[in-house]
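Enquirer: Sharing a structure below in structure tokens format, with a few things to ask.
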């Protein structure tokens, strides 16, 4: 069983990887992925051995709060921005108090500056009050940090909580010594770290605020889509408008769509017309004109006039629901490149705590001053600096932040990745296999000519009547041609479809019930064919005389022109060093002509579904990383076989199960865009990881004091600033993907 839920209380990648590690050890858990950024988890488990409630209890034991739905954040007295502003104000107050004697002129009264027991104590008490206020503003670090430590799952908050608490306790001890006159000399006099506590917390709060703002912006794509989802719709019942919940709509319901309202579910216009904003599907801002017979898709907005539509999908299976599911899965899943960071994060925090303790002991022994409290002060500064400067957040944010921003960028291009692995793998593709009809071509073959051995209207009636039972694009072209010429469409029975060949049905022909067949030449038993010299898609119409013999009645010649700009986009793809193939069920002449015209390297014609599978299998056995690009209707087996499957979809044509990448703008440029975006994203992730590893590799030793003899020591305050800047730099670097642009050359 697969389930998705939310987890509150996570602060860094050590939290998410700790949950994965803990639950992953359970025999009944098959797979689990936890996303820090959108606080979600996807889990697959054996429902015969456990249930979701038991899994929730396991997570709660680790100190986190699992929930089936993400509750709204509790409204606090102070907003995040106000809390941050107060933290900055009180930090500056404490820092000024601690440095008052060094400032000239000082705004502090003389009574707080004199070097004596009373003034030092009074100054320190004011610093303590300011520090306690800042600690209260940043109390979440202590609540989450110590809770995680208690459950033996230490995280970034644990490091901050331990470091600042140690500094506070030491300062309180020093305050006690000053108050009771137990200090021995000037080295132990007034060694307070209240300003360090404040500065550390302030910098971390600033960094976290920047992270959260950036994360919220990256999550805007999904939030915007969810806002497009209407909760109710107007259902027509007995000529009356009734407002109903969208979840109650079933296929076949007649709905009224008013100007300015969103389409509730996928459907087809049956009365009226409208202009729809389909930018959430295609990325194109211009409204699309819709008339009777046109499809409309959930989440799109009606700009002008009202119309009636018939629902063709329920809410769960509508286009908008599938897009939201894809985005959620993409944001919740993990790329393979993130596994290294997860492994490091699992041991990072415990290792940092061990290093900090070791550094404290070493400095307590080797500190150069003879006074214990001086040595203790140096050792404590090193201890706090090591804890605070280490940044598991930079490692944890390196991959998911880039994936999050990349998915937002993809949606603006009309692209949707099924998961992070799809986004990661697209850049590795070296062979692309294209379907022809509906992918490279317009997908709407039109009849060029008809060659008939019987009365033309009778042939059109037979072919149109049978083909109306099919959803194939060629069938639609024939049906439309028959309707335009007012051919009467008959009732069919015993309709049978042979995938890749054609369709047959029993109908009235010359007063007798006959089996009429429509399809390619291989669908028929040997018959006398007409000599057709035209290039195009040949569709034969025949009558079954017996099980082994068919009579030819006529031939339709159709053509399907390439989409505008396809040739240029194929050239772009080939410039990336990618081999291209065309697999089509069309005849050799048409497929060859299309391949040569578009500059495609190789082709296979008359390809049945099994032929396509065999070719893809052959390419993969040669070591090729294969991407299949199809329309998602008749290519599901081939799409499933590929390393990366791209579906060129229009609304409800999308098959989420078959696709790794879905393009709603129905443009081959999307393939090039997906590959380039994948390349840019992985490059961005590698930059983030390089910075995160280098930062921790360099700054942790510096915080330990390895350059002490060169007079380089990092104070806890500077360590806090460096830690905040490291995670912020990763976030800001990820944001550069927002400016990603597809070059046309």
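Each residue, glycine too, has its Cβ placed from N, Cα and C.
Quick paste of what Swiss-Prot says about this protein:
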- 1-83: topological domain 'Cytoplasmic' (TOPO_DOM)
- 84-104: transmembrane segment (TRANSMEM)
- 125-144: transmembrane segment (TRANSMEM)
- 145-151: topological domain 'Cytoplasmic' (TOPO_DOM)
- 152-172: transmembrane segment (TRANSMEM)
- 195-215: transmembrane segment (TRANSMEM)
- 216-343: topological domain 'Cytoplasmic' (TOPO_DOM)
- 344-366: transmembrane segment (TRANSMEM)
- 380-397: transmembrane segment (TRANSMEM)
- 398-685: topological domain 'Cytoplasmic' (TOPO_DOM)
- 435: active site, 4-aspartylphosphate intermediate (ACT_SITE)
- 631, 635: Mg(2+) binding site (BINDING)
- 686-705: transmembrane segment (TRANSMEM)
- 717-735: transmembrane segment (TRANSMEM)
- 736-745: topological domain 'Cytoplasmic' (TOPO_DOM)
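I'm curious about the neighbourhood of these features; can you describe it?
Expert: Cβ atoms under 8 Å from those of the topological domain 'Cytoplasmic' (145-151) belong to residues 9, 11, 14-15, 18, 61-63, 157-162 of the same chain, restricted to positions at least 6 beyond its ends.
If one looks beyond the transmembrane segment (344-366) by at least 6 residues along the same chain, the residues whose Cβ comes under 8 Å of a Cβ in the stretch are 12-14, 17-18, 21, 154-156, 158-159, 162-163, 375-376, 378-380, 382-383, 386-387, 390, 392, 395-396, 696, 700, 703-705.
With a cut-off of 8 Å between Cβ atoms, the residues of this chain six or more beyond the transmembrane segment (717-735) that come close are 195-196, 199-204, 206-207, 210-211, 214-215, 384-386, 388-391, 393-394, 397-398, 401-402, 404-405, 684, 687-688, 691-692, 695, 699, 703.
Per-residue confidence over the topological domain 'Cytoplasmic' (736-745) averages 78 (mean pLDDT, predicted model).
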Enquirer: Provide, as an integer number of angstrom, the distance between the C-alpha atoms of residue 435 (active site, 4-aspartylphosphate intermediate) and residue 631 (Mg(2+) binding site).
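Expert: Between the alpha carbons of residue 435 (active site, 4-aspartylphosphate intermediate) and residue 631 (Mg(2+) binding site) there are 8 Å.
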Enquirer: Which one, from the recorded positions 435, 631, has the smallest tally of other C-beta atoms lying within 10 Å of its C-beta?
Expert: 631
Enquirer: Might you confirm whether the transmembrane segment (686-705) is in contact with the transmembrane segment (152-172), defined here as three or more C-beta pairs under 8 A between residues 6 or more apart in sequence?
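Expert: Taking Cβ pairs at least 6 residues apart, the transmembrane segment (686-705) and the transmembrane segment (152-172) are not in contact, as fewer than 3 fall under 8 Å.
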Enquirer: With a Cβ cut-off under 8 Å, give me the same-chain residues at least six positions beyond the ends of the transmembrane segment (380-397) that come close to it.
Expert: 12-14, 16-17, 36-37, 155-156, 159-160, 162-164, 166-167, 170, 193, 196, 200, 207, 211, 341, 344-345, 348-349, 352-353, 355-357, 359-360, 363, 688-689, 691-693, 695-696, 699-700, 702-705, 713-716, 718-720, 722-723, 726-727, 729-731, 734
Enquirer: I need to check the long-range neighbours of the topological domain 'Cytoplasmic' (736-745): which residues 6 or more away from its ends have a CB within less than 8 Å of a CB in the stretch?
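Expert: That would be 402, 405-406, 408-409, 413, 568, 572, 669, 672-673, 676-677, 680-681, 684.
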